[in-house]
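According to Swiss-Prot, the features are:
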TRANSMEM  31-51  transmembrane segment
TRANSMEM  87-107  transmembrane segment
TRANSMEM  111-131  transmembrane segment
TRANSMEM  167-187  transmembrane segment
TRANSMEM  207-227  transmembrane segment
TRANSMEM  242-262  transmembrane segment
TRANSMEM  274-294  transmembrane segment
TRANSMEM  305-325  transmembrane segment
TRANSMEM  330-350  transmembrane segment
TRANSMEM  358-378  transmembrane segment
TRANSMEM  386-406  transmembrane segment
TRANSMEM  416-436  transmembrane segment
Amino acid sequence: MSDLPWLTIIVILPISAGSSIPLFPHRGNNIIRWYTLGICLLEFLLMTYTFRYHFHFDDPLIQLEEDYDWIDLIDLHWRLGIDGLSIGPISLTSFVTTLATLAAWPVTRNPRLFYFLMLAMYSGQVGLFASRDILLFFLMWELELIPVYLLISMWGGKRRLYSATKFILYTAGGSIFISMGASSMGLYGFDGPTLDFEILANKYYPVVLEIVFYLGFFIAHAIKLPILPLHTWLPDTHGEAHYSTCMLLAGIPLKMGGYGLIRINMELLPHAHSLFSPWLVIVGAVQIIYAALTSLSQRNLKRRIAYSSVSHMGFVIVGIGSMADTSLNGAILQMISHGLIGAALFFLAGTSYDGIRTLFLDGIGGMAIPMSKISTMFSSFSMASLALPGMSGFVAESMVLLGIITSRKYSLTFQIVIAAIMAIGMILTPIHLLSMLRRMFYGYKFLNVLNPYLKDSGPREIFISICLFLPVIGTGTYPDLVLSLWDKKVEAIMFRSFHE
């Protein structure tokens, strides 16, 4: 069984299974829901089996490689493979998508298209993290965009068309830079065109050309992550999307930007990355404070959480730019941690809306008593988001901070200034999160209003919240459980960055 194309099966299963959804009867909403959930569970089990029995975690090299000719005219190969850097995002994608499918249970309008788009998005995301061909990477990047656009524009709020259009303009604009960079890198050189990541990683470019390549890919990944000032699509998108779509957006697409920065900008273009890394650190540190302050001024609950996400991504940017093993490990852990915590917060914001029919904090108050379960879960994940010790966010942010302080690349003055800015950001995060909790769950406004929609969490909501909370606690108490997945790969990347 080890000879089976496991990665190909994992990549194509969701979209191929989703293609059969239109064959289901029009009134078979429950059948469609259970079928989609079953496909997600099957995918998760296949992924778990493959990683458990066919992947060696102490090997930093690419494993489970598959290479098939696809389009000879442009030398495009179906080339897949994974290493420690891929395994975390793929596992996160599978886990969050399965729970988002369960979270989407109340969706009744055109569920066949809704669940097909979720499965198509699933394939695109897993395919991107498993790609070993830069053009295939671009195609998977594009495959993920259209489902997200349709999910926002068809199942969003009142301003869904504006938000969906803004999302597609930003991300499609970034895709242009990826396509240009991928084709240019593939065609450069005297030994013939190649799109293989492994070969591209060993190519050497003139300094100016490498900087041009780096900036092109950086713009695309900066939009996705997002990085200031290319972040404005994110609050609008989260503010209008259905909460199951928000779970997917918070859990995975943002991580595609961080993954791309490491996989392409850092691994394929190390010299340019070394030149730009101080600017990454500065921008990341500023982003932590700016987004935290902006979050504090938001009246809409989902927009406040969205800006909090932008602030947390600042730690990822600092970690990638720090040029230190500890910080890069922390940045990857922060992506995984935020994928879980962010998905949970948006899910709970959505379930709160189902009960109170408003997202504006000015009209919310006193929810702690009538909605005690939601209050408990929301408070728990908010503590995780503000990096409470014992939870995954604390470990990730502490590693990034420690890494920048001990980095060999920067002067002591630079390290102290950046560490001080990050520390201020870590103080601002509890301020805007605790302020949000105070306004939502305490006070008197809501208690004096008779609301026929008022309801607390049911078994489904509690189950999803517990499933997301357990890995947050597990990673916070025993971080080596996940750090061991990619620490060897991080060592290899940093060794190459300092010795080439």
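Placed from the backbone N, Cα and C atoms, the Cβ positions cover glycine too.
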Please check if the transmembrane segment (87-107) comes into contact with the transmembrane segment (274-294), where contact means 3 or more CB pairs closer than 8 Å and the residues in each pair are separated by 6 or more positions. no
Pairs 6 or more apart in sequence, C-beta under 8 angstroms, 3 or more of them: is that satisfied by the transmembrane segment (416-436) and the transmembrane segment (167-187)? no
Contact between the transmembrane segment (330-350) and the transmembrane segment (242-262) (3 or more Cβ pairs under 8 Å, separation 6+): yes
For the transmembrane segment (167-187), distant same-chain residues with Cβ under 8 A (at least six beyond the ends): 75, 134-135, 137-138, 141-142, 145, 148-149, 152, 193-195, 200, 203, 213, 216-217, 219-224, 230, 233, 236-237, 268
Recorded stretches the transmembrane segment (242-262) and the transmembrane segment (207-227) touching, at least 3 CB pairs under 8 Å: yes
Ranking 111-131, 207-227, 305-325 by Cβ pairs under 8 Å to the transmembrane segment (386-406), which is first? 305-325
